[in-house]
Structures are given as structure tokens and as C-alpha cells.
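Taken from TrEMBL, the feature region 'Disordered' covers 1-27. The active site feature in TrEMBL is assigned to His178, Glu282.
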Amino acid sequence: MAAASSSSPSPPTPQPSSVERTKGPTGPEKLVLREARGWSAEVHLYGGQVTSWKNDHGDELLFVSSKAIFKPPKAIRGGIPICFPQFGTQGNLEKHGFARNRLWVIDDNPPPLPVNTAIKTFADLILKLSEEDLKIWPHSFEFRLRVALASGGDLILTSRIRNTNIDGRTFSFQFAYHTYLSVSDISEIRVEGLETLDYLDNLNEKERFTEQGDAIVFEAEVDKIYLDAPPKIAIIDHEKKRTYVLRKDGLPDTVVWNPWDKKSKNTQDLGDEEYKHMLCVEPAAVEKPITLKPGEEWKGRMELSAVPSSYCSGQLDPEKVLQD
């Protein structure tokens, strides 16, 4: 008698990793990255901005507003805008600098990065300096960005900024990956890894405080810059039984922001109730700007993981630093 065949479904056949160039439905071109196990990401050439990161079940992990505008001159509300060379209004440039409002191009010949066998799906972009930008920020630079999907679905952004001034001048800049995470309900979210740290409170004229309590929870508008933050932070979504793990390198600070109800209603490209389903946790260099001499290069890296079960409090391991 023949043995009965198993009724359990076979696992999906892995598909080849791919990067596809396509036209966005509402504006400029975008790149779609697909990882072999089914994870995907999208990056718009406008802003060099990641606007989607989906797991192998098709769940969207980044928040993008339903009112987002995908064409100049407005920055895209959501995903991962890049703040450079200024953060917020801490300077004379437009808010968060100009990188998120410029059209980037595909970088066909990037300098090599350290080899990582887990990364087979990636796209390289470059921000080209324009004459208009030179008028408002008179420095020559080279800004290269790699967006990558690792074999397990982790989303990795690596920025490399080089001073290419030929007149011997140094320059300084601020930077942030202004990451909008998709969450079930902001009032149920818990952030671990920033407790006991000093922070600058943007809602209190950047006054310096020390975080109290064993984790960060949300009951009102929050806009804080945590200083000398650890390389690993967990964002726990109890309702979705999902934990985002954010690892960073070269970015000492971490900004945490949620606009809450009043500011949302006064923000044209954000729905009145959408603040409930978003949280910005942003690896950044804000308090102490990065300074580069001619020929010097800075690298800032962020890696996002989404794991299906929540961390228990106290399990976060700050010693496990980000590695190339």
C-alpha cells in the first residue's frame, strides 16, 4: 500500500531577487526591490526616498500618508525622508534641508562597500549638486545612497557623504533618516533602548531633560532628540505582535516624533487621524554636526528588522552592535 502523501502545503518557491525600474503612478520614477523570500521595498528617485517596505506576507511596514504628495516641491510625507544638510529649522535652509526635495539619479558606478553575502538586492543612488543648491549651500559634495534588502528582509540604508571642495574648505552638516514606521495604535506602542538618556525637547525650546521610566510610551505629542543613543532600539507593537529593531552606525542621536491630533489637523498632507498609525524613530546626527575636511568621507547606516513576536522588557541587548 502506497504511503499517503502529506497534506501540508509546500513552502513557496523562492524567486530570484530583482530590482525593477518603473514609473510611479503619481509622478517620478521609482525602483522596486524584491528579495527572494518575498520581501520588497520601493525607493523614489524624487528625494532618494524609500516609500514602501513589505514583509513576505505583503504587510506594509512603513507609514505613508494618504495625502502624501509625490512631486516637487513638496517632500513626500512618510517612508524614510533623508534630512541633509540640515535637520528641522536649525539653520538657514528649508526645513530638513534640500536632499528630500531633489531628484536623485541611479549611481551606475558606486565605490565598493564591504562585501556582505547576505545582501543580493540593492540599488545605488547619487544626489548631484546643482547650481541652485550651490547658491544656498556653497559646498561641493558627493552624496551616495545604497538601499538594500538582506536575505531575511531587513531594510538597510547606507549613506556616504564626501567633501569634494577644491578650495580647502571644510563643511559641517546635520543628518537624519526620518523613518515613519507603521503601527497599529500609537497609544499601545512601547520603545525600549532610550530610557535614562538625556534628550532635547523640541516642544520646550530644546531644553535638556533626562528620560524617566523603563520605556517610552505615547499619550500626547512627542518631539525629542535623544543624545548618544545606543546602536540598537526596539519599537514594540503589542497589537500586531511585531517588534521593529532599529540598528544604527555613525549616527549618535535618535529623534522620536509623533504630531498627535492638533498638529495633524493643521498639517495639509497628513490625515486628521493618521497620527494614530505612525511613529517616527530617526537615527540622526543633530546635536553635534558632522564636519568633513576636503577628501574626507562620512558613512551613516541604518538597519531595520521586523520580527513577528514582541521582545520582553529587558531583553534588548545594547552590546550587539551593528556590523557591516
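Using N, Cα and C of the backbone, Cβ positions are placed for all residues, glycine too.
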Between the active-site residues His178, Glu282, whose Cβ has more other Cβ atoms within 10 Å than any of the rest? Glu282
Cα separation, Glu282 (active site) to His178 (active site) (Å, whole number): 5
